[in-house]
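See below for the structure under consideration.
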Amino acid sequence: MINKAHVLTYFYLLIYILLSSGVILYNKWVLSPKYFNFPFPITLTMIHMAFSGIVAFFLIRVFKVVAPVKMTFEIYATCVVPISAFFASSLWFGNTAYLHISVAFIQMLKALMPVATFFMGVMCGTDKPRCDVFLNMVLVSVGVVVSSYGEIHFNIVGTVYQVTGILAEALRLVLTQVLLQKKGLTLNPITSLYYIAPCSFVFLFVPWCLLEKPGMEVSQIQFNFWIFFSNALCALALNLSIFLVIGRTGAVTIRVAGVLKDWILIALSTVVFPESTITGLNIIGYAIALCGVVMYNYIKVKDGRTPQLPSDSIPERLTKDWKLEKKSSDIFTPNANNDANGGSNFNGSELNDEEAPLLSSRISLLGRQLSNSSTQRV
């Protein structure tokens, strides 16, 4: 008999993979001089931020779909502002890379994300140096170097932009853990857009005035409302699909879906953009890097699993926090069967994607609290 819950879960994953791939390909098509020819990545990112912020405002303040969190000025200034700065930077540099290198090569460079996140975490004290993880990082780095060496249309400028965007994204993820989690603040994609999108828009406004505004004034740009509206709508839909995926899947499923998405996107990019050529050395290098990523994911999932506690050993405050989180942060009730793949320890920040801001769910919150409770009892 077909399990409807599992079918729905895989349907959400399929939607997430399609939207994620679609947003990346759409952005490349809009920015590329060979196609729509709108070579202004900061402007495109600002459009996304403005549209997402407005929609999030209506969802929270007008339609009351999601309740806002308790946000003080101190938390906003010390947490949201720096995180928004790195979020805006990662989108700015990442979108600028589309002007210089292919989508396929960008996805291969994104294999460096675990490497950047690990080293940033070690520097900030959120992660500990480990020999097994370090060896995985070396394997990933070697694979990316081999893939870069095999790139026919290698462009140093585009590569620097993409790597810089990866570093900014890694800093954002680490800051999310260091700042927001210490404050006990949990944001889902809708509330995070509500607080972060306007701030990111402001951060992007300064480089836009210096770098793109003069060029837009002298060049004859084509502004098609429906193109930019649909592009921003796809980016917003991606965030909402992530909201659904977080609630229904576990860490293993998310990571496997991410790997599958990357392969699909690389294949699609060569079809949509015929000028993107993939060499055998590209594939070999990316396969090497992917082996390191898969091994790293396995280690993180294995380390993240916590022993099952009897129901009567869970502190009363855990139940209280669960109920509070249920009321304030989510509108989605995950399936109880989803913990089979380690879902209780999934942290939303593992879903690194285009336009995806801070991602967190009560699933990760419960996992952390269970872990802390278990530690206190030892």
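Placement of Cβ uses the backbone N, Cα and C atoms for every residue, glycine included.
Bear in mind that TrEMBL entries carry predicted annotations, made automatically and left uncurated.
Note that the coordinates shown come from a computational prediction; the quantities given were computed from them, not determined experimentally.
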The annotated region 'Disordered' range in TrEMBL, which must be one of 331-352, 353-374: 331-352
The transmembrane segment (160-180) touching the transmembrane segment (252-273) per 3+ Cβ pairs under 8 Å rule: no
Long-range neighbours of the transmembrane segment (99-121), counting only residues six or more past its ends (CB under 8 A): 24-25, 28, 31-33, 39, 41, 127, 133, 136-137, 140-141, 143-144, 147-148, 151, 153-155, 157-159, 161-163, 166-167, 169-171, 173-174, 177, 262, 265-266, 269-270, 273, 275-278, 282, 285-286, 289-290, 292-293, 296-297, 352
Stretch-level contact, the transmembrane segment (38-63) and the transmembrane segment (279-299), CB cutoff 8 A, at least 3 pairs: no
Top partner of the transmembrane segment (223-245) among 7-26, 133-154, 279-299 - counted as Cβ pairs under 8 Å: 7-26
Range from 7-26, 75-93, 160-180, 279-299 with most C-beta pairs under 8 A to the transmembrane segment (133-154): 279-299
